[in-house]
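Colleague: Handing you a structure now.
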Amino acid sequence: MAEIENGWEAAAADNRTVYSGFLGLTKWAIILIAIVLILMAIFLT
C-alpha cells in the first residue's frame, strides 16, 4: 500500500513541475505578445 502512495506522490510532483513550467511559458508568451502589440501601436501611429 505504501508503494502505491509513493507512486501517487511522484506523479503529483511531476504534474506540478509540468504545470509551473507551462505557467512560466504562458507568462513569457503574454509578455512577448504585449511587446509586439505596443511596437505595432507605435509604428502604426
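Cβ coordinates are placed from backbone N, Cα and C, and glycine is handled just like the others.
Not my notes, these are from TrEMBL:
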type	residues	note
DOMAIN	19-44	domain 'Cytochrome c oxidase subunit IV bacterial aa3 type'
TRANSMEM	25-44	transmembrane segment
Colleague: Within the domain 'Cytochrome c oxidase subunit IV bacterial aa3 type' (19-44), how many residues are helix, strand or coil going by DSSP?
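Modeller: The breakdown for the domain 'Cytochrome c oxidase subunit IV bacterial aa3 type' (19-44) reads 26 helix, 0 strand, 0 coil.
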Colleague: Take every residue in the domain 'Cytochrome c oxidase subunit IV bacterial aa3 type' (19-44), average their pLDDT values, and give the whole-number result.
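Modeller: Averaged over the domain 'Cytochrome c oxidase subunit IV bacterial aa3 type' (19-44), per-residue pLDDT gives 93.
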